[in-house]
Every structure is written in C-alpha cells, then in structure tokens.
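Following: one structure in structure tokens, then a few remarks.
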Amino acid sequence: MLSLKKAKTMEYEEILAGVGKMGRYQVYLFILAIVACSNAGIHLFNIVFTMGMPRYRCAVPGLMNDTFDIQNEAHAQQINATIPFDSAKGSYSKCYHYLTRVDKSLEQTWNFTSPETQSCSRWVYSTDVFASSIVSELNLVCGRQIYMSHANMLGMAGIMVMSMVSGPLSDRWGRKKLFIFHNWIQLIASIATVFVKSEISFLILRFVEVGSGMASFMCLYGLVTEISAPSGRVLGTSINMVGWNVGMLAVILVAFFVREWKTLQLILTAPLVLTALTFPLLIPESPKWLLSRKRYSEAHAILQTIAKVNGNSLPEEVDLAGGKEESSHKSAGIVRGLILLFKSPILTVRLIILAISWAVNAMVYYGIGLNVSFVIPGDIYINFFVITMISVVFLPPAAWILHRNGRKILLCVCMVLGGSLCIGTIFSTFG
C-alpha cells in the first residue's frame, strides 16, 4: 500500500515499483508482447521459404508442356537435343540451350548440330521441395537471380529506416497508436505480396512488410520496457526476443507442411489479423509516454489498473506531475541529446564500437538466417530449424547472465567466440 505523502514525491520508477514490479499485469503484457513480436520474426524469415530456390533448368524451346522431371524416352531425347548437359555437375544447363529450330507440324524441337548456345527465356522447376515459390512465379533465376539479393537488401533497408524513424514517431504519437498503425501496414503489405506480378512490386512490398514489422516490434519493446520496473527490465526486453523466436518456429512449422508459397504467405499473415483486430482493445498506452504529454488522468487510470491486477493500490491523489519536468525535457531534446553525445569523446567512441558490433552481429545473424539454403548444405528445413533452436536454447541463459553480470562481459565473450567460429569456417569442409 502506498502512502499519500510518499506518493506525492515519487518518480515514475518508484510508482512502477509500488504498483507491482513483476505481477500478473506484467505477465499479461508479456504474453501479448510474445504474440505481437512473433510477427516481426515471421515476416522477416518467411522469405526463406516463400522465395525458396527450387532445382531448375532451361525449358525445351517450343515445348509448352515441358516439365522438370523427364516423362518418357521422347521427352528425354528432346531435352538432350536442346539442353547442354554438364557432366561435372550431373545436371542440365540452367541458363543456356542450344541454338534450335522448332518443327511446329511435328511439335518437336531439335538441335542444329551446332555447339553454339543462347540464353534461356523459359525455365521449368522441380516441385520436390517447393511446390511453388516467388522464384518460380517471377523466374528469379540466371540473370534475374540478383533480385533475390535485392529482396533481402530491401528488407534490411526497411529495418534500418524504420529503426531510425519509429523511435521519434512513437515519442510523438505514442507507442500504442504507432504499433496499431504499423500492424495494419504490415498486414496490407503481406496480403498484397500474394498478388505481385513483377519483381519491382515485390521488392517495394518487401521493404514495407519487413520495415513495418520492425517498427511494430520496437513500439512493443518500448511499451514493455516502460511498464516494467527497473529490476524486471532484462526479463521484459528478453520477452520480446522470445516472441521473435516463436515467430521463427512458426515459420518452419508451417513451411514444412505448406509448400505452396501463396498459401504459406497467407497462413503466416493470420497472426497479423489477430493482432490488428484485438490489440487496440488489449494493450495499454505507455503511462510514461502519457506523462510526457501531460495526459495525467489517462496515465493514472492505467497505473491504477496495473496496481489493481497486481493486488496493490495507487492513491487517487497521487501527484503524477511531480517528476514530470525532466521526462518531458528528455523527450523533446532528441537533436540536443545527440549533440551532447558527440561532444563527449568517451561516449562517441563507445557509440562507434557498439555500432560496429551491431553491424557485425547483423551481418552474421541475418546473413546466415536469410541465406540458409545457400550457405549451409543439406535440407533447408532441418538447417533452419537448427538455427532457430540455437536462438531458443541460448536465450534463457543469456537473459540470466545479463541479469546477474550485466552486458559488457557477455557481449565481449560472445563477440570473441562468434568471431573465432566465423574464422574457423574458412578451414571447414563439408563432406
């Protein structure tokens, strides 16, 4: 129970501790955060399977019903007559066929006896791993395979852009409003992806889908942090990463059973529909943000609800404006804060070190995760599952170490270990 006299002199952190450091309300919010943050993981890594690379080769010129699998002896003869065979790789050419002529009366295609080749204009795809994918839909192979890299690049560009703008925007409009806005944007972009007819529209939607997902993630990150007492913030921020890993597990689970990319995309969009329709009613606005905007009555109502659910109480007469001046000043001084930051040589050096560390971590994590089918031999589903489980298994001990020993030691050990293992891959061989 909080006394009125003490409550009048309380700062926001003290009030949070009074209404309940880690009670039922925080658990309720953490569960919602796991559901919502899973969308960020889902819609970043869904491309591993929706844009999966199937086996393919040049289509036989003039044979409109050509298939990747050889149907009969006549089909084999047509393939051998028109598509070069690479004995070293044990497969037919993916990007070139012989100069050919088509006998339309016999519906046959034959090679001119010349070894000259030309680029393919049509391809046929295997359906043994992926029944269909964006690759086979838009023919992102041979000279057009660069669009696969562009898709990942624009996805990361969306993360970069929204990481920079979502913080100031959420400071202006609120964590809840911005989360709901980006949730709907991500939902629309995700559904629209199913109807793409060109690589340009696909790339634009990819930027929006991933970028809005990161913006939603960061809004929830801020909300969870600002409703958690200082002693519970490591757990609170770790919960968001639990949601991220849940999203990755959802991707591999659904992708294993659904091999057609449009169906997979729509199924993985279902959680966005759930959060878009229900979260406006389920999640609160950040009381700390409300205080910074001088909306004291709304902040008081939310804090009162938190206290009630946690079995505590908040005096009706508590003076929430008492510790407000500093908070408002901080929210309004983003540019001034950056100027002060760069005026300090120590803080500037630390910022540069952390920026480089983050960039290296991102390159390794996303580089492997988004390109698992290219950098790791073997079954794509098993490999992605193993990568996901590594994150799942190591998150709890990492959170425990952070809580007990802070960030510095864990960061340094993991960077050294990770860097050593990356160097070790140079000397590794796959059987």
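Quick reminder: no glycine exception, Cβ is built from N, Cα and C everywhere.
TrEMBL lists 27-49 (among others) with the feature transmembrane segment. Long-range neighbours of the transmembrane segment (27-49) within the same chain, counting only residues 6 or more positions beyond its ends whose Cβ lies under 8 Å from a Cβ of the stretch, are 130, 133-134, 151-152, 155, 159, 179, 183, 186, 190, 206, 209-210, 213-214, 216-217, 220-221, 223-224, 227, 236, 239-248, 250-251, 255, 261, 264-265, 268, 271-272, 274-275, 279, 282-284, 309, 369-370, 372-373, 380, 384.
The domain 'Major facilitator superfamily (MFS) profile' annotation in TrEMBL covers 89-431.
Residues of the same chain lying 6 or more positions beyond the ends of the transmembrane segment (146-166) and with a Cβ under 8 Å from any Cβ of it are 44, 47, 51, 53, 135, 138, 140, 178, 182, 199, 202-204, 206-212, 214-215, 218-219, 362, 366, 370-371. Sequence annotations record features per position, and here TrEMBL assigns transmembrane segment to 146-166 (among others).
Per TrEMBL, the feature transmembrane segment maps to 178-196 (among others).
The feature transmembrane segment is assigned by TrEMBL to 202-223 (among others). Within the chain carrying the transmembrane segment (202-223), a Cβ under 8 angstroms from the stretch's Cβ atoms is held by residues 29, 33, 36-37, 39-40, 42-44, 47, 134, 138, 147, 150-151, 154-159, 161-163, 165-167, 169-170, 175-176, 178-179, 182-183, 185-186, 189-190, 192-193, 196, 237, 240, 243-244, 283-286, all 6 or more beyond its ends.
Annotation source TrEMBL lists transmembrane segment at 235-258 (among others).
Summarising the annotation, TrEMBL assigns transmembrane segment to 347-368 (among others).
Sequence annotations record features per position, and here TrEMBL assigns transmembrane segment to 380-402 (among others).
According to TrEMBL, the transmembrane segment annotation covers 409-430 (among others).
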Tertiary contacts of the transmembrane segment (409-430), as residues 6+ beyond its ends and Cβ separation under 8 Å: 357, 360-361, 364, 377, 398, 401-402
Segment-segment contact (the transmembrane segment (380-402); the transmembrane segment (178-196)) at 3 or more Cβ pairs under 8 Å: no
